[in-house]
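Copied over from TrEMBL:
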- 64-106: region 'Disordered' (REGION)
- 65-76: compositional bias 'Basic and acidic residues' (COMPBIAS)
- 77-86: compositional bias 'Polar residues' (COMPBIAS)
- 107-215: domain 'Cadherin' (DOMAIN)
- 216-323: domain 'Cadherin' (DOMAIN)
- 324-429: domain 'Cadherin' (DOMAIN)
- 430-546: domain 'Cadherin' (DOMAIN)
- 547-648: domain 'Cadherin' (DOMAIN)
- 649-751: domain 'Cadherin' (DOMAIN)
- 752-857: domain 'Cadherin' (DOMAIN)
- 858-959: domain 'Cadherin' (DOMAIN)
Amino acid sequence: MTLTSFPRCTCPNGWPLGEVGERPLDCPLPLVSCPLQLLCHLRRTQQNVLVELGRPRHWGVEQPVGDKLEVNRSRQEISPAQSDGNWDSGPRGPRRMRSVNSPPQFKLPNYQVSIAENQPAGTAVITLEAHDPDEGEAGRLTYSMEAFFDKRSNDYFSVDSKTGAIVTSRKLDRETKDTHVLQVTATDHGAPRHRSAVTFLTVTVSDTNDHDPVFEQPEYRETIRENLEVGYEVLTIRATDEDAPDNANLLYRILEPGSGEGIFEIDPYSGVVRTCATVDREEVSEYHLVVEANDQGKDPGPRSATVMVHITVEDENDNSPQFSEKRYLVQIPEDSPINSQVLQVKATDRDRGNNAQVHYSIVSGNLKGQFYIHSFSGSIDLINPLDYETIREYTLRIKAQDGGRPPQINSSGMVSIQVLDVNDNAPIFVSTPFQATVLENVPIGYSVLHIQAVDADSGDNARLEYKIFELSHLPALASPVQRNTGFPFQINNSTGWITVSTQLDRETTENYHFGVEARDHGVPVMSSSASVSITVLDVNDNSPTFTEKVYQLRLNEDAAVGSSVLTLTAMDKDVNSVVTYQITSGNTRNRFAITSQSGGGLITLALPLDYKQERQYVLTVTASDGTLFDTVQVFINVTDANTHRPVFQSSHYTVSVSEDKPIGTSIVTISATDEDTGENARITYILEDSIPQFRIDPDTGTITTLMELDYEDQASYTLAITAQDNGIPQKSDTTYVEILILDANDNAPRFLRDRYLGSVFEDVPLSTSVLQVSAVDRDSGPNGRLTYTFLGGDDGDGDFYIETTSGVIRTLRKLDRENVAVYSLRAFAVDKGSPPLNASVDIQVTVLDINDNPPVFEQDEFDIFVEENSPVGSIVARISAVDPDEGTNAQIMYQIVEGNIPEVFQLDLLNGDLTALMDLDYESQTEYVIVVQATSAPLVSRATVHIRLLDQNDNPPVLHDFQILFNNYVTNKSNSFPSGVIGKIPAHDPDVSDQLDYTFVQGNELNLLVLDSATGELKLSRDLDNNRPLEAIMKVSVSGKCISFGVCEVR
C-alpha cells in the first residue's frame, strides 16, 4: 500500500503535531474502509505508528500521508519522517520538523494584593510567575511591568526581570494614590518571534494613621447677635483627615473655652457650635475658643489638631443711654457772651456702634430759647442774652437718644442753670425829683422825706447807700444863704430818710434844693442821682381839707412796684401853706407809699401785691400843713392777676397703644389745674415737639393718633405737653407723656436669601446636616419668634427634615443619586403671632455621586457573528456596559480576562471595541468564547462573549495523486467479482458548504473503474476482467466552485 501526503489533514486526539510554516499540522494515518473484511488496527507507540493487517483482499486509503510503503500480510512498525510537513511518494531523506513556540501563560488574568503605606523601598509586594511549556530559549521568560492607568505608578514599583518578583521602589502614600494598576508582561525568547503573556496586578495601599486632622480654615471667625436663644447654631467647624475612615472618624470638643465656658458647646460629631447660655455683648464682646478634632485612629494611635475659633458678639440695642449725673448744676454770670459754652452733659450707652451713638436734645425748660445743645457732643451753649433780673434759674430736661432702631431714649437728664447776678443795673429812684415840705418848727431829727431807690440786682449789687450833695453845678438852685448858714438836712445812708439836722427858719430859707445819690456796693459801683426840693412851711391855723370825702379804685395785683396808684389833693386856706400827705393807717405790709407832689399826695405801689393775701386795702391818708391836718379813706380793691401757673397731676405719664390702632385713636387724656380764676385759669394744651404721629386737643388734653404707627420703625415716643393759661402774662407747666407702641403681628417672616442651594453626598449617614435656612421677622416677642417646617411645602418625599428652631435641614432617609439627583424642596418660616404669618423659600439640594454601582452589561452573554477572513484590526463588535454613577465614578475600563489565548482579540480599554488581531479562519476554529470585564474601580462586572465565525467559500477542493495497488487477485467463480466500494477519491473541501463533483478527465477509457460523481466512491468495473493492464494512469477532477486535478495510478 502506498500512502501519499497532502497539505492538511485532521488528527485524532493525542496524535503528534507538526507545523507547516506558522500553521499547525496534524499528522495521522486514518483508515477509510476495509471493504473486503480487512482487519486493520492502528495504534500509537511513542513516535511511531503501528499498522497491523489481517487477511486483506482489497483496501483503500482516503487520505494517505507518508512515504510509499510496501505492505503485505505481516506486522510492520513505521516511523513518519519529519519534514516540512509534506509526505509524498517520492524517495526522501530524513527531515526535522520545526517545533511550535507556545506562548507563556499566567495562572490568573488578574492579581490583587494589599500593602500598607509608608513601607520602605524594597518591600516585597508579590511574585508573579508565568508558565511556558517550551524548552530552552523558547521557555526562558523575561518579566516587564508598565503602569496601566496612571503613569505615576511606574515610580513606585519595580519587577525583577528574571523572577517576576515585584517590590516597592519608594515609600507608598495612600493619600496620594490608594490604588495602582500594573500591566505585567512575561515574554519568552523563542524564534522566529517572541511570544508573551499579560496579566494585571492591582495593588491596594492600606491606610496607617499618618495624617493629623486638618481644619478647613486656619482659624474660624463668626459674628453673632447678643441675646440669642439658647441652642442657636453659631457655626460649623469642619476638619478633614486624609486617612481612611477607620483613622478619620473625627470627634470635636472645646479644649480651651476661655471666657466662653458655659456659653458655648460643640456637637462632637457634626462640629456644630451652639449657644448653651444667653450671650451678652456688654459682658463679653469677643470669645476665643480652642477646638480640638481627634481622629480616634488605632494604628499607631489617635492624632488630633486644634484651631482657634473667634466669636464676635454683635450689639443689639438693649441699653438706653445713661447720664453721668442724675442732675447737673451750673452757675453762669448773666453777662456771659453769646455762643459761650455753659456745660457739657455726657450720657453713655453700653451698646456700641450706632446703638451707642448718643444724640442730645432739649425737651423742656428752654424758656425764650436761651440755650442750644449740640446733638452729638452734648455741649450746651448760650445763644441769647441772660437777664438775672428776669429769670434767675433755668431747669432744662435733656433727652439722650441712641442711634439704634428702634432707638432707646432717656429723658431723665436734668440741668439746673443758675444765673449769677452781675452789677448791670443802676439804682432807680421810686420817683424823681423828690419834693417835701416841712414846718419850720419841726424838731431836729424830724423825718422830712423818705428817699427810696430800687436796684434790680441782688446782694451787694442791690445794697444801696444814700448821700446828699449840693447842686453846685446848678447855682440857680442854691441860695447864698444856704451855703453860708449851713445845710439843715441829713440823710440816713441805709434807709434814705431825710431828717432835719438843724433848726429850720422859713424866714431865712423857704426852699431847699439839693441832690441825692443812691449807689450800690457792686463792682463796679453803679449810682443814680435825684433832685430833692424841700419847702419850709410856715405854721398856720387852717387845716388842709381833701377835695373828696372818700376815694375808691381798682388795682391789679401785678401792678409794678413804683407805679402810681392815686393822687390826692388837700386844700389849705392858709396863705403859703404847704400840705404834706401821709398814709397813717391801713397800709398792711407797707404795700403803698405816698408822696406830696404839686400840692397833692401821690400814692405809689411800694411792694408787690398778692390777691390771695389781701384783696382790699383801706388806707387812711393824712394831709397836714404842719400843724393841722385832715384825713381821708382810700379804698383800693385788688383785682386778681395771673399769679399761678397750671400744674399737671404728674410730671411723667406712661401709656401704651397697639401699632395696629386706626388713625384718630384716643390714647390718653391729661389735665392740669390752675389756682387762678377766670381767664387766668383757662388752660390750653400744646404739643411742644413736632411729632407728626400725634396731636393733642388744646381744650381737653386728649392725645390722638394722626398717622399709622409702626412698632418696627419706632417702639416709643416721648411727648412734651405744655399746659398754658390765658392770663397776662401767660404761665405754663410741662409734663412728659411716654407712649409705648405695642407690637402687632403685622410683619411676615422674610428669608435672608431668595433661594438656597446645597449639596450632599449620597452615602452620608442619617441626620447629616445639608444646609441651614434662616429668616427674620421684624416683629418682637412671640410675633417675631420663628419656627421652620416643611409642612405645606416639599420635603423631598420624606427624604429630609428640618429642625424647627435652627432651620438646619438634615437627611431623614438614605439618599440615592441614581434615583433622585436633585431635590427641589420648599420650607416655611412661621411666626408665633395670632394669626401666625409665614414665608416660604425654595431649596435645591444636589445629591453628589459616589461610586456605589458596578458597571452593568446589557446582557450576561453576547452572541457575535463574524465573517471569517475579516481584516486584521477590524472592529468585530462593541461590548459596552453602563454605570448609573456619574463623572469619574462612571468611567468604565474594559479588558478580556478569560479565553483569549492566544491573543486573537483585543478589547479597547475605554470604549469596549473588540478588534481581531489575527486572521480568522472558520476552517481552523469556528467559535471563540471569551470573558470580558468592565471595571469602575473597585467594582467589576463580567460577561461571556461567543464569537461565531461565518464560513466563506474561500478554499478549493484538495486532491492529491494516489495509487491503487492490487496484490495477486485470482478468482474462478464468475459470480464472485467484487462489487463493493474499494475506496474513495482522496479529496475534500475545507469549506463546509461546498458540494463536490467527481469526474474522470482521462485514462479510464478502458472503463476499469466506476466513479460515483457525487460521493467520489470507486468501484471495480467488470471490464477489468477482460482489460487488465499492468498499470493505468488516470486523471481525476474534483470541482466545487473551484476545480482541482489529481492523478490516479492503478497497478
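The backbone N, Cα and C atoms fix where each Cβ goes, and this holds for glycine too.
TrEMBL does not curate its annotations; it predicts them automatically.
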Recorded stretch, among 107-215, 216-323, 649-751, maximising Cβ pairs under 8 Å relative to the domain 'Cadherin' (858-959): 107-215
Stretch in 107-215, 649-751, 752-857 most in contact with the domain 'Cadherin' (324-429), if contact is a CB pair under 8 A: 649-751
Residue counts (helix, strand, coil, in that order) that DSSP gives for the domain 'Cadherin' (324-429): 7 helix, 51 strand, 48 coil
Helix-strand-coil residue split for the domain 'Cadherin' (107-215), DSSP-based: 9 helix, 50 strand, 50 coil
For the domain 'Cadherin' (216-323), the number of residues DSSP places in helix, strand and coil: 6 helix, 48 strand, 54 coil
